[in-house]
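Below is one structure, written out as structure tokens; comments come after it.
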Amino acid sequence: MRKLKLLREYLRGSGMTYLLSMLSVLLMTVFSSMVPLVIAFTVDYVIGDKPVELPAALASRIDVASGISTIRNNLWIILAVLVVITLLQGIFMYLKGKCSAVAAQASSKRMREKLYGHLQHLPFDYHVKVQTGDIIQRCTSDIETIQNFISTQSIEALQIILQVIVVLAVMIAMDLKYTLISILLIPIVFVITVRFFINMMKVFVRADEAEGHMTATLQENLAGVRVVKAFGAQNFEMEKFDEKNRTHRDLNMDIVRIMANFYGGTDLMCMLQHALVIAVGTYWVVRGQVTIGTVVAFSSYAGMLVWPLRNLGQMMGFMGQAFVSLGRIQEILDNKPEDYTTGETPPVQGEIVFEDVHFEYEKGKPVLDGATFRIEKGQTVAILGATGAGKSSLVHLLLRLYDYKKGSIRIDGVELKRISRQWIRKHIGIVLQEPFLFSKTIRENIGIGCGRVEEDRILAAARTACVDEAIQEFGMGYDTLVGERGVTLSGGQRQRIAIARTIIRDVPILIFDDSLSAVDAETDARIRKALRERRKDTTTIIISHRITTLAEADRILVLDQGRIIQSGTHEELIKVDGPYRRIWEIQSALGDEMEEMTV
Amino acid sequence: MYFEETEYGKRFDINVVKKLAAFAKPYKKTIITLMVQMLFLALVDALFPKLSQYAIDHFAVKKSLDGFWVFCLVAVGLVVIQAANVWLMIRNAGTIEYGIPYDMRKGVFKKLQELSISFYDRTSVGWLVSRMTSDINRIGITLSWHVVDFFWSIFLVIIMTVFMLVTDAGYALMVLCVVPALVIISMIFQKKILFNYRKVRKYNSQITAAFNEGITGAKTIKTLGIEDDMLAEFEKTTRQMRDFSVRAATVSSIYTPLIILLGSIATGLVLWKGGFEVSRNITSYGTLVLFISYAVQFFEPVKSFARVFTELQYTQAAAERVVTLLETENEIADSREVITRYGNMLDSDKSEWPKFHGHIVFKNVTFRYKEGENILENFNLEVRPGEKIALVGETGSGKTTIVNLACRFYEPTEGSILIDGVDYRERPLLWLYSNIGYVLQEPYLFSGTVKENIAYGRKETTMEDIVRAAKTVNAHDFIMRLEKGYDTQVGERGSRLSTGQKQLISFARAILSDPGMFVLDEATSSVDTETEHLIQDALNRALEGRTSFIIAHRLSTIRSADRILVIDKGRIIEEGTHRELLKKKGYYYRLYTNQLMEEQKKEAFVKA
């Protein structure tokens, strides 16, 4: 039931258009069912000499006999009537096609956008936990299944159902007994078809999987071509691929054979039904029970019932699939999006206070265990710590990607949990360790999220990030596309573009999450110098292992097992025993080693 | 690399057809059977209206049942024949639809295994996958179902025309006079419809790409706070998709009414003439009904003919791409002399192979990827058997090229590379490849179990060998801690293992074949300390006694090398041991103090 509700939700807004297309389907069906009637009428009354039987009330007013003779003398009238009817049928057919496309496309557009927007606003935690491939599959092929259902299948199904009703009504009105003979085998064909395709769904899925396996093997082979070659494993790979290739072929050939049985069998029944209509009709004409025109009409009508109903059966078999897809999409929509906008929007200056902050991703495994420190506005603070010490978690909390459990984080005196997520993220710039660039031009990547940006600002940001020169070297400069369709950037280039993208926003708080590690020490120093010159009052947090980087900071925080174990300037820290001094001592020792050798 | 694919084929290309014919040859019988079947299918399709005609004229009008039961028997007989024919036709078409692509994939895959690395450096994996999937699928469909439709529609049109002309030329002309319009309209619309369809598919893949980016870039989008910008941009794409899809649907919904209208004009014309003549007994009822049937029946074959005709152009483009791929010239292959002596590249006679000692000499080697841009120029280097060479230098300095040349992934443009005193072009490729132990910067594993990955490419490896290799490189302990030990699935490209674990397994894999030469592109990515030490230790053991080339990033690796080569712009600018180079106070010294020491410190911190 919930699935139906979801479906309704997407159709809402296109209700009128849908209604219009359904109305068109109805009218189109009415006119298309009239064509055999015109032919039958012509055969029986115009060409033949069967008298027209009209209700007495009508007969007295209309001079039927002279009407018929007028037609007999002007047979082009028949042609004109036929053309007019098909013209009307055609107009409604066009309207049906147009309206259903407008409605269906509008609703799948809505569905896609809703899903996309929803995914964007799901909490970070969700994105960490789900499998990307699975979600993408749902967003693409499942949506497509549903779109097919609403744009094509549902309208076609409706059309067939209406056609069956109208045609049956006309047939029954003409001759009930003959009608029963004409639909004798149809229910059997219909039931067989529905059941067949429901059963086949599983097999189709298996065939899709076989193709998937084959493609995956191929992809793996091509991406790992160096390994394949270096191990001389070409024969091995050929056998491996052949197995998948063969499975794919054999499975599909099995399907074809089953399909051949199905279509051969149902075709037989459908054609027998057709033959039955003609044979019985002929027999009854000879017996004088029906007219030739009726036989001609029924033979058309049989065709309008038999084949469409088999198609309907096929569609109903596939419809199950659309509901499965709906369920899979509903699962995504059931996840609660994070509250993005509510909360305070205080001015952000850049003072950050952590007070006894506790945080854990998994119960019983604290990542931050009472972290306490204070960063003044405009200060540059370096954070040092081993893998798993909690550095990234500090950043996650600051950006409200996660919320802390215990303790307090205050930005300029305001409790972080009360500040709107959107607001705080707009005021903190972060450069991630593995930055993600969008498949747009470099210019667009740097200016992303800033609306219209002047060229000067882009260039200035790129220069600060020491990436301007590298960009100029690309053939298209700032208009070079990033990613598969453009240039492949080195790790260092990606990071520097990400730095430019972050600093262009001129935020009061900047965080470098180990993001200078892919650039060499010299460039690292140049970037930091440029940053200092660019804006003096920016609070900067640098997570790094580089001693030279750390040493230059106003203050160094050493994080270990979720706590700050050391804090101070370089000069202060080398005076006390601790990790920082130990590292510094190693540096000195290395220096000594050099001296000793150069002597 | 990104290729904008050509959608339409060039002019008819005989070479492409020849190549396709070669693939179709094993199915010649099936294809011919299929064509004959289509003739019969069309014949029976055209006979059904004839049956109605007969029934009306002989029984209904004459009011006699003379021969009625025989007639029924004939009708049922035809129906059964037709159904059997449909059954067989589907089976035959299916055999071709999946049989030929199977062979083609096999052929292309073999070709891909032979092509040199330089080809892969120019060609994206995605592009190749499209050739192997959608293009080959399309060829399969064309050779089966498009052939079916093509012959069916041609036969049916011919048979119906003949039947009509034989029955009554006057009526035949009434029906046939709409056919030219039918053909022209169908051709125009089918072309447009198919074009639109492909355009919609393109928009659709843009939407897929947008979803992909929105999901994989979720963290970045969140931290930049640009969710709404992304959605707004996405809406632009979906809007285009909607607008175009509606336009495409509009075109399609004009086509069918037009066709039906033409059919009805033909029917009306027949009735006009017939109404006059039947009532005057010039024409029989049956003939009239026959022509009414044919007037409507004409449109299906014409429509499918027009569709197939358009589809063929796309198939031609697909076939051209596949054929071009098959005919790609292989830049690095065994020479004819080598093949005569040792057998072909994929099936070399191993008993004839010389022993591999690992003495490698670069003699006046010049190399360029592109004309006029020499990466190496007159490069000379001698590596003694068992010597460990560390290559140091900036990105783009030529380190990777040296290794690629040593592995014969590329061959020198000028000069030669001698292995054990013989130009390696005089030896089989497979011989060299079988003697290389190769570990990539980013360890590449194949989906499958740990065991299969270590024993990669070899079938007769015992479990003892695998375990021994794993133990040598310190991988055994962590493997045993995995859920299913050696039978644990590593996931696609080893995704279920950590980087460090993948590295250890790729060491085990490299060492299992006991190669004479080791090539290692050291990883820059950091792994946890414990694994780091395991890897260093494994490395030392793996390289023991083997000639090795290491593109080194780690100090400890560099220090343990027998010789360090500092490469800059394709030349060796400094050469010697760690201590010797430090004393020079040159490039290496700067590199060491600036970068390598950092790593040392980082490690020290973590240990502390």
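Backbone N, Cα and C define each Cβ position, glycine as well.
Remember, predicted model here, so these are calculated numbers, not experimental data.
Per TrEMBL, the features are as follows:
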type	residues	note
DOMAIN	A:19-321	domain 'ABC transmembrane type-1'
DOMAIN	A:352-586	domain 'ABC transporter'
TRANSMEM	A:20-43	transmembrane segment
TRANSMEM	A:75-95	transmembrane segment
TRANSMEM	A:157-174	transmembrane segment
TRANSMEM	A:180-198	transmembrane segment
TRANSMEM	A:262-284	transmembrane segment
TRANSMEM	A:290-309	transmembrane segment
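Among residues of the same chain six or more beyond the transmembrane segment (A:157-174), those with a C-beta under 8 A of the stretch's C-beta atoms are 22, 25-26, 28-30, 32-33, 37, 96, 182-183, 294, 297-298, 301, 304-305, 308-309, 311-312, 315-316, 319. For the transmembrane segment (A:20-43), the residues of the chain that approach it from at least six positions outside its boundaries are 78, 81-82, 85-86, 88-89, 92-93, 95-96, 98-100, 103, 155, 158-159, 162-163, 166-167, 170, 291-294, 296-297, 300-301, 304, judged by C-beta separation under 8 angstroms.
Same-chain neighbours of the transmembrane segment (A:290-309): 32-33, 35-37, 39-45, 48, 50, 160, 163-164, 167-168, 170-171, 174-175, 178-179, 182-183, 186, 189-190, 270, 273-274, 277-278, 281-282, 284, counting only residues six or more beyond its ends whose CB sits under 8 Å from a CB of the stretch. Remote same-chain residues near the transmembrane segment (A:180-198) are listed as 168, 171, 262, 265-266, 269-270, 272-273, 276-277, 280, 298, 301-302, 305-306, 309-310, 312-314, 316-318, 320 (criterion: CB distance under 8 Å, separation of at least six residues from the stretch ends). Across the domain 'ABC transporter' (A:352-586), the model assigns an average pLDDT of 85.
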